[in-house]
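Straight from Swiss-Prot, the features:
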BINDING   HIS63, HIS65, HIS141, ASP211  Zn(2+) 1 binding site
BINDING   ASP67, HIS68, ASP211, HIS269  Zn(2+) 2 binding site
ACT_SITE  ASP67  active site, proton acceptor
Amino acid sequence: MEVTFFGTSAGLPTKERNTQAIALNLEPYSNSIWLFDVGEGTQHQILHHAIKLGKVTHIFITHMHGDHIFGLPGLLSSRSFQGGEQKPLTLVGPKGIKAYVEMSMNLSESHLNYPITYIEIDDHLTYHHDGFTVEAHLLNHGVPSYGYRVMAPETTGTINVEALKNIGLEPGPKYQEVKSHDTFEHNGQVYQSKDFRGESKQGPVVAIFGDTKPCSNERVISRDADVMVHEATYIDGEKHLANNYHHSHIEDVFALIKEANVKRTLITHLSNRYNTEDINEIYQTLIQNEDTPNFNFVKDFDSFKV
């Protein structure tokens, strides 16, 4: 899988950064693209990338603030003409996302040529699709804001060839049945496939956060994640200023990384008061501390393998 950032600024765009938008490419598990938040100008950012809107099957909105949703109506309209015709779309988000989209479409007299399935979250959500499991949990941002825990399908354990030979089953087409079915038959006897396979392995886990100040659900979402995408609107200065505005400080994110055993962290939603030079200087200062965990400040169009 691969995470690509189309917007990394907080609140307002800058000359170097667009507002929030993240794409998750599901290959090799699926050929679909999932988007997380659609800030203003997202569709224009996507034009500079190989990703096509027609491959976007799901959009997950973290919360209803403008820097996370103002690009949604335009992107949905353009999808009709960029390979999305008659291809269903699932839109997941807080209560109000359906009304926002439908009112935007109605008032602008825009007509979509594909169906949208809306899923509005209350407190939490568990959603299954193509072997993926997505959990949404409520954060602390003053308005309903959610973090998404995306779990890729399990990988079936390796076949125990010796065990199969011991029951007289030599390598051949039957092995595929052992790998892909719960049971198989050999010489008139039914066997449990799991007895002839190694343990299944959980696929990669990606945690993608909306805006939040520290809260207990953060650890639920990010536990043992392979990749965590988290906001740090404030990357220097007093921590209490970030929390007063229901945002996270870089120190909050570092604490979460250690508590939740996160392998790699990608930090986005940086305040527009920081320019590229500021961010680079702060990064160099932070990584000189041996206690600093593994992280990156991301910029627009950065991509990371999961």
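Every residue, even glycine, has its Cβ placed from backbone N, Cα and C.
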HIS269 (Zn(2+) 2 binding site) and HIS63 (Zn(2+) 1 binding site), distance between Cα atoms, whole Å: 13
Tertiary neighbours of ASP211 (Zn(2+) 1 binding site) (same chain, Cβ under 8 Å, six or more apart): THR62, HIS63, HIS65, HIS68, LEU139, HIS141, SER145, GLU231, THR233, HIS246, HIS247, SER248, HIS269
Cβ neighbours of ASP67 (Zn(2+) 2 binding site) where a neighbour is any other Cβ within 10 Å: 23
Zn(2+) 2 site, defined by ASP67, HIS68, ASP211, HIS269: further same-chain residues with Cβ within 8 Å of the Cβ centre: ALA10, GLY11, THR19, GLN20, ASP37, GLY39, THR62, HIS63, HIS65, GLY210, GLU231
Cβ neighbour count within 10 Å of HIS65 (Zn(2+) 1 binding site): 21
DSSP-derived class (H/G/I helix, E/B strand, else coil) of ASP67 (Zn(2+) 2 binding site): helix
Among HIS68, HIS141 [binding-site residues], residue with fewest other Cβ within 10 Å: HIS141
HIS63, HIS65, HIS141, ASP211 excluded, remaining Cβ within 8 Å of their centroid (Zn(2+) 1): THR62, MET64, HIS68, LEU139, GLY142, VAL143, SER145, GLY210, THR212, HIS246
Among HIS63, HIS269 [binding-site residues], residue with fewest other Cβ within 10 Å: HIS63
